[in-house]
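These features come from Swiss-Prot:
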BINDING   Glu552  L-isoleucyl-5'-AMP binding site
BINDING   Lys596  ATP binding site
BINDING   Cys890, Cys893, Cys910, Cys913  Zn(2+) binding site
MOTIF     57-67  motif ''HIGH' region'
MOTIF     593-597  motif ''KMSKS' region'
Amino acid sequence: MDYKETLLMPQTEFPMRGNLPKREPEIQKKWEEMDIYRKVQERTKGRPLFVLHDGPPYANGDIHMGHALNKILKDIIVRYKSMSGYCAPYVPGWDTHGLPIETALTKKGVDRKSMSVAEFRKLCEQYAYEQINNQREQFKRLGVRGDWENPYITLKPEYEAQQIKVFGEMAKKGLIYKGLKPVYWSPSSESALAEAEIEYKDKRSPSIYVAFPVKDGKGVLDGDEKIVIWTTTPWTIPANLAIAVHPDLDYQVVETNGAKYVVAAALLESVAKEIGWDEVTVVKTIKGKDLEYVVAKHPFYDRDSLVICGEHVTTDAGTGCVHTAPGHGEDDFIVGQKYGLDVLCPVDERGYMTSEAPGFEGLFYDEANKAITQKLEEVGALLKLSFITHSYPHDWRTKKPTIFRATTQWFASIDKIRGELLQAIKETKWIPEWGEIRIHNMIRDRGDWCISRQRAWGVPIPVFYGENGEPIITDETIEHVSNLFRQYGSNVWFEREAKDLLPEGFTHPSSPNGIFTKEIDIMDVWFDSGSSHQAVLVERDDLQRPADLYLEGSDQYRGWFNSSLSTAVAVTGKAPYKAVLSHGFVLDGEGRKMSKSLGNVVVPAKVMEQLGADILRLWVASVDYQADVRISDSILKQVAEVYRKIRNTFRFMLGNLFDFNPETDAVPVNELREVDRYMIVKLNHLIENVKHAYETYDFASIYHDVNNFCTVDLSAFYLDFAKDILYIEAPNDRARRSIQTVLYETVVALTKLVAPILPHTAEEVWEHIPNRKEKEESVQLVDMPETINIDEEDAIVAKWDAFMNLRDDVLKALEVARNEKVIGKSLTASVTVYPTKEARQLLGSIEEDLKQLFIVSEFTIADDYEHAPEDAQKLANVAVIVKPAEGETCERCWVVTPEVGKDADHPTLCPRCAHIVKEHYSA
């Protein structure tokens, strides 16, 4: 007879090859048809909520690897929580207002001058929705489960309505005010410009080095030095109020031509060369931070210029001492706010100097350059004048140069709530811990928040003006505008006159004649997304504020984490989140930033096309995502190899359960053979470790633990020796059923454990588990596995861990014999061991299983370790002799034994196989 027919070889339709790029979309289609998101929500209804609030990506362009990392991390957490006792809704969002969309339309050839603001905004909205639909499909392809049909979108009427309420609440508390801030200003078109309305062209400008005499050295300088600044805008010198230095840079006091000057050490050589200093002596070196609060004198006005510290100071050019005019520069303004400097802006809207620049009033700023340079020369402050050609911002419409000029803007006060903000930070859990220090320092040091923008595409600032120009913000106007936006969307602001946006019959003391105008500025987009705690968490029934977790890239400490905190504390006095987790950036394999010019961009869509989403998700689980992470073809190849091993382990287990029904064939757990109970204990440890790692967001541990469990515990040990029993023994053999019981428990538990990370593969395994006890149609509809109680667990672990060490010794000896060509496969070997006393006791207790456990044909426990023959390999706990086994090879189980052929009916079989065949396969 053909003995092959009597072997119980693995049978499963679970394919060896993942073929994920083809199979994943089929699995996703099944999820969609099942409406899996709804099913999960229904199943977990009534459980405690766990809300991970999605930070909205900007609706523009295809998703990049940073998006993929972010969304996959969120999805892993949400999937785990919904399998471990929580109801975990996930509502994805999109950020849709702002400059990039305006710019994208302009690039597409939209001529905004030929249409009304309302018409242009309709095109912006249309474009945003196109981008959302594109990104939504890409996010879904990653396997991210969420309420994709009901996302939150910052341009939706209900969102804008809530945002207006946030603004109104802040205004009511006195946190919204008007103040000055420098913006791009075009004297030629007499208006503020957005960055999108700027184009860079070459311009010839004066380049001057100016000396500011020290007035009070604060014990750091002697008082007879001069601080040297460099600028290409002499017209801003009348507005100078400070000199900025970098706190961490070295500065030097140098003596030349009988005078002492202060410059950055790193720039001394270039400054000396430029000004023409011959012999220079370094008098002393000082850190920038030690120069803070030194007082210098303005070169030609009777006022002070304070030395301040600023992180924006560089050593790229100039002197390292930066002329600071808060009315004429973004950095100057921000650092000036920190030090409480005035915002002096002696230039009018047409670009002419005002009376705040005595001596230069009435001069066009460009002409003032010459007059001011002459004045500096007269007072002996000009060290060098030359001319340079450099790239300079111009008005894209008039093609004329722009200037930075302080204009009136709307602000949200951070100062008034700084204490509450810092307290809220303390009450929040920050992961990693350095996140707390980072955001604490940002909030501690930040100035007030400029929330107005002179653009078209955004949420209008809901302010009206009376006849005397006084701003009007009342509970009544806010409520009315919020309701209008909820009904019509914010475009209504641009379609109606002020009177038609106010409540009927509205009156105000500032407008005796009932004439009102409206604000035309819009809100900063960070105010949009920063209001999501109210516009999403409070607005929607399935969510709650505060969220349990915000999870974004580390750039969001200054972005969304910050703006959300500011608006939430302003409105509720509390943070909008209980915990904040941040991840790093995605770099290439060499640790370089990805860029088109370097050609090192790895695109998620490409990876999914070639390898599949589960490989990308496994990569996310493999990296230390709290720092910057690396990705490349070779890194993905390594991950794909780990995936292959995990998949093959699943396949082996599934294949060997084809004739197993847990209801009828399972062996009670405490009746399992000891080695099988040991594997259950190993499985218990895996379950505990993996669940703990999910709880602490430590996915890399899961990656390593699952990989080790599959390759070391299962493939290299348990499954390896189990084959002999699974394939060879009779179907109902107790040892075989014992192993199958372990395989069943393992495959079910392992599928659940990896489901949050590898949802497609887990789903596929789930479908292929024969006679599954849990009838749920998806692995997403069950909970994480529980550990299985085993009697005398500690004793089993101690004994079998010791055996595994012994096994390593014997395997080493087998490897040596194989390399020396003494044996071929291990089944051709006969092993004799000379154990130590402890080892003898251990081996003696499992003597009858040793041949199977070591996959050899003969295993003998001989004399004590001390009496081992000379030629034995001496290892830690045993001395080992390996020789070829004597006898014939059994045709059915391949064991080598002299007893082959003892049964005349089956001359090529060993007695064990002959017995099995006679009992179970004879006609």
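Any Cβ shown, glycine's included, is placed from N, Cα and C.
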Checklist outcome for this item: Rounded to a whole number of Å, the separation of the Cα atoms of Cys890 (Zn(2+) binding site) and Lys596 (ATP binding site) comes to 63
Checklist entry - By a simple count of other Cβ atoms within 10 Å, which of Cys890, Cys893, Cys910, Cys913, the binding-site residues in the record, is least packed? => result Cys893
Item to check | Local confidence of the prediction over the motif ''KMSKS' region' (593-597), expressed as mean pLDDT | outcome: 82
Checklist outcome for this item: Counting only residues outside Cys890, Cys893, Cys910, Cys913 in the same chain, those with C-beta within 8 angstroms of the Zn(2+) site's C-beta centroid are Ile728, Glu891, Arg892, Trp894, Val895, Thr897, Val900, Leu909, Pro911, Arg912, Ala914
Checklist entry - What three-state class does DSSP give Cys913 (Zn(2+) binding site)? => result helix
Checklist entry - Any idea what DSSP makes of Glu552 (L-isoleucyl-5'-AMP binding site), helix, strand or coil? => result strand
Checklist outcome for this item: What DSSP reports for the motif ''HIGH' region' (57-67) is 3 helix, 1 strand, 7 coil
Checklist entry - Taking the Cβ of the residue listed as 'ATP binding site' as centre, how many other Cβ atoms lie within 10 Å? => result 7
Next on the checklist: With Cβ-Cβ distance below 8 Å and at least 6 positions apart along the chain, what are the contacts of Glu552 (L-isoleucyl-5'-AMP binding site)? List them in sequence order.
Outcome noted: Gly55, Asn70, Gly559, Trp560, Phe561, Ser582, His583
Next on the checklist: Quick check: of the binding-site residues listed here (Cys893, Cys910, Cys913), which one has the Cα closest to that of Lys596 (ATP binding site)?
Outcome noted: Cys893
Checklist entry - For the motif ''KMSKS' region' (593-597), DSSP counts of helix, strand and coil? => result 0 helix, 1 strand, 4 coil
Checklist entry - Which three-state DSSP class does Cys890 (Zn(2+) binding site) fall into? => result coil
